[in-house]
Amino acid sequence: MAEAGTGEPSPSVEGEHGTEYDTLPSDTVSLSDSDSDLSLPGGAEVEALSPMGLPGEEDSGPDEPPSPPSGLLPATVQPFHLRGMSSTFSQRSRDIFDCLEGAARRAPSSVAHTSMSDNGGFKRPLAPSGRSPVEGLGRAHRSPASPRVPPVPDYVAHPERWTKYSLEDVTEVSEQSNQATALAFLGSQSLAAPTDCVSSFNQDPSSCGEGRVIFTKPVRGVEARHERKRVLGKVGEPGRGGLGNPATDRGEGPVELAHLAGPGSPEAEEWGSHHGGLQEVEALSGSVHSGSVPGLPPVETVGFHGSRKRSRDHFRNKSSSPEDPGAEV
């Protein structure tokens, strides 16, 4: 049986498993590449002795049930130990666990108590405080802040820069005193105003309207319409285009612009209402034309005037001739 304190395997165990060195290692055990001279026997046992372990479990094999406890729990914690391994592997494992035990001994008792519970489990570390210990130490060594002194106003520190005004000699005023002061001021202003000033037109409230200027909208369109009606009435009188009229004798009749009136315009309505859309422009007798045959009845020329607006470009002036440049054909 291997001793728990030394960690060295016994000769009896090594002789018992000496024939099993050619077996392959288990998948659950892994070694580094540097351990080329090591071999893991198939019957190697891993043993971890914890404070809760029982003394009867050391002699029991892997297939045998553990024996009932026959004594008290060991007082000290025994290190981790593997049985059935080579001396090199056992030495490495012992060195590793010795370093861990040394680090645990060097740790302060308060840290060990907070990091490990009574049953061997790890506890969650305490949350850090709001300020670090270095910061708190620096604040502790710092001198207490002196009380803040309010700043001195500039008019106290430099009174020569300021001018002091006082209202001690001013009497208390009220609404009645303000009203009396205003009326006295207005009375003095009215007395100082000149009386021989002549107001311009429409400024005197007592005027009767003499000399006023009245602005009204011009009625040029209405007057032009009445004038046009009057001219058309004179043209439409009987006997205007007879033989006694010199204008008719020359073959020239009155020129009317009724065809330029737009639809719905007042001129078109007046033209249609008075003449019914049919206007006699000129009445010429047969003797006026040079090629007329005597004895024929006189011919009357009738012009039809519509209310549709036409462009002036389609009409030729009487003074222009087809031979003139720019004349329309």
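Each residue, glycine too, has its Cβ placed from N, Cα and C.
For 1-88 (among others), the entry in Swiss-Prot reads region 'Disordered'.
Annotated compositional bias 'Low complexity' per Swiss-Prot: 22-41, in sequence order.
What Swiss-Prot records for Ser60 (among others) is phosphoserine, and it gives similarity to another entry as the kind of evidence.
Per Swiss-Prot, the feature phosphoserine maps to Ser67 (among others).
Here Swiss-Prot flags Ser86 (among others) as phosphoserine, drawing on a large-scale study or a structure entry. Mapped onto three states, the DSSP output places Ser86 (phosphoserine) in coil. Cβ neighbours within 10 Å of Ser86 (phosphoserine), excluding its own Cβ and spanning all shown chains: 18.
Annotation comment: Swiss-Prot describes 104-156 (among others) as region 'Disordered'.
What Swiss-Prot records for Ser132 (among others) is phosphoserine, and it gives a large-scale study or a structure entry as the kind of evidence.
Residues or ranges marked as phosphoserine in Swiss-Prot: Ser143 (among others).
Taking Cβ-Cβ distances under 8 Å and a sequence separation of 6 or more, Ser146 (phosphoserine) has no neighbours in its chain. Sequence annotations record features per position, and here Swiss-Prot assigns phosphoserine to Ser146 (among others) based on a large-scale study or a structure entry.
Swiss-Prot lists 149-316 with the feature region 'Interaction with SNRNP200'.
The feature region 'Hom3' is assigned by Swiss-Prot to 150-186, with experimental evidence given as support.
Among the features that Swiss-Prot reports, N6-acetyllysine is placed at Lys217, with the record citing a large-scale study or a structure entry. Lys217 (N6-acetyllysine) carries neither a helix nor a strand DSSP state and counts as coil.
Residues or ranges marked as region 'Disordered' in Swiss-Prot: 221-329 (among others).
For Ser265 (among others), the entry in Swiss-Prot reads phosphoserine, with the evidence type a large-scale study or a structure entry.
What Swiss-Prot records for Ser321 (among others) is phosphoserine.
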Could you state the CA-to-CA distance between Ser86 (phosphoserine) and Lys217 (N6-acetyllysine) to the nearest Å?
130
Average model confidence [pLDDT] within the region 'Hom3' (150-186):
90
